[in-house]
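Taken verbatim from Swiss-Prot:
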DOMAIN    62-167  domain 'THUMP'
BINDING   Met185, Leu186, His210, Phe211, Arg267, Gly289, Gln298  ATP binding site
Amino acid sequence: MLTFDHILIRYGELALKGKNRHMFEKQLVQNIRSVLKPSFPRLTYHRTFGRILLGLNGEDPLPIKDKLRKIFGIHSFSLAIRVTNELDKMKQAALHALQASEGEVKTFKINARRAYKPFPISSSELNHHLGGYVLANTEQISVDVHSPDVEIKVEVRESGTYIMTGEFKGLGGLPVGTSGKVLLMLSGGIDSPVAGYYLLKRGVTLEAIHFHSPPFTNEKAKQKVVDLAAKLTNFGGQVKLHIVPFTELQKHIHEKVPSNMEMTIMRRMMLRISEGIAKKTDALAIATGESLGQVASQTLHSMNTINEVTTTPVLRPLLTMDKEEVITVAKEIDTFNISILPYEDCCTIFLPPDSKTKPTRQQAKKFEQFVETEAYVQTAIEGTETMVIKSEAAVSKTEMDELL
């Protein structure tokens, strides 16, 4: 009995990776397996040139499709019928695939691809053979090579022939784990989780750092950040979250620095602490959710002054995006409703009404003379707590008790 018993996975950008292609493909298979294996133990995984083939072995394809849609590195995928490389079997499978198509079907097209060159029939000949068979065994259906109701894709490979009629879009990008580690400054707002999402899309392994200032920021604010990190695990596996005690340093800055320079000095301190954590965790870069000109601390002048304190690259994935664009993505990845919960983070307390939009490095150095920078930064790094979030449901009660 013919049935859709495989999923054929395509990847786009990986095909351009030359000699490193094997490494990218291997990581993608590993990521797919780690996502699917716990819930679908009967799946089999086979990597062939330009494709990954999942054998369903009786598993329900619908929930598998939902999970594949969230794995970076996948360009698209299709449900497929696999048959042996025999013309009669291909004809029967093509007809079955058409008959199983949903909706009204009046026109079709065969699109055959002979990836296995020893197969004696060319792609164009296959189109004619299979198309003729489908026409002879259906009524009131015709061929339309330009805009068909159903396109029957046929791929002949060494392991068999795969017949498909639909295609589901993936997220694209690179497989998570192929681009090194990045430490994301996760504030709890709308922007930084979206920045994390785009970093994952470029294949980074993500860790996050959050600055917590109790009692000015409460435990609900901390839980909010944990929940945001958990949302990011849907796209990139586990996330290590580093919680930095920031109260004493923030109070110290508030006491010693003029209000219009507080934000600049605070951001410089955050960057110093982040660099310290990045070095301890072997992160190659720090990332923020900053967008150029959005607030006073995100002008080019501010960024130039704040960046002075680190030699670690600072990535800003959202730099050129409008707020509305960011909000749209936040809703798509399901972080928006968490981000807008009304719990203050450390950047909103002691918020001065007159922050400088063009602070200079000289001004920052002048006022940092009154701040015990090294001692406070080291204390914050040493007091940092770390938790591992493996999925939305993986923050156990014990972990939360330790966190709170």
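Cβ coordinates are placed from backbone N, Cα and C, and glycine is handled just like the others.
Overlay of Swiss-Prot feature records on the structure.
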residue : record           : DSSP class
Met185  : ATP binding site : strand
His210  : ATP binding site : strand
Arg267  : ATP binding site : helix
Gly289  : ATP binding site : coil
Gln298  : ATP binding site : helix
Under 8 Å Cβ to Cβ from Met185 (ATP binding site), same chain, six or more residues apart: give me those in sequence order, or none if nothing qualifies.
Ser192, Ala208, Ile209, His210, Met270, Ser274, Ile286, Ala287, Thr288, Gly289
State the count of C-beta atoms found within 10 angstroms of the C-beta of Gly289 (ATP binding site), not counting that atom itself.
25
Near Gln298 (ATP binding site), which residues of its chain come within a Cβ-Cβ distance under 8 Å, counting only those 6 or more away in sequence?
Glu290, Ser291, Leu292
For Arg267 (ATP binding site), write down the residues of its own chain that are at least 6 apart in sequence and whose Cβ falls under 8 Å from its Cβ; none is a fine answer.
Ser297, Ser302, Ile306
Using only the residues recorded as binding ATP (Met185, Leu186, His210, Phe211, Arg267, Gly289, Gln298), report the maximum Cα-Cα distance in Å, whole number please.
18
Per DSSP, what is the residue tally for the domain 'THUMP' (62-167) in helix, strand and coil?
34 helix, 31 strand, 41 coil
Same chain, 6+ residues apart, C-beta under 8 Å of the C-beta of Leu186 (ATP binding site), given in sequence order:
Ser192, Pro193, Gly196, Ala208, Ile209, His210, Val225, Leu228, Ala229, Leu241
CB contacts for Phe211 (ATP binding site) [other CB atoms within 10 A, all chains]:
28
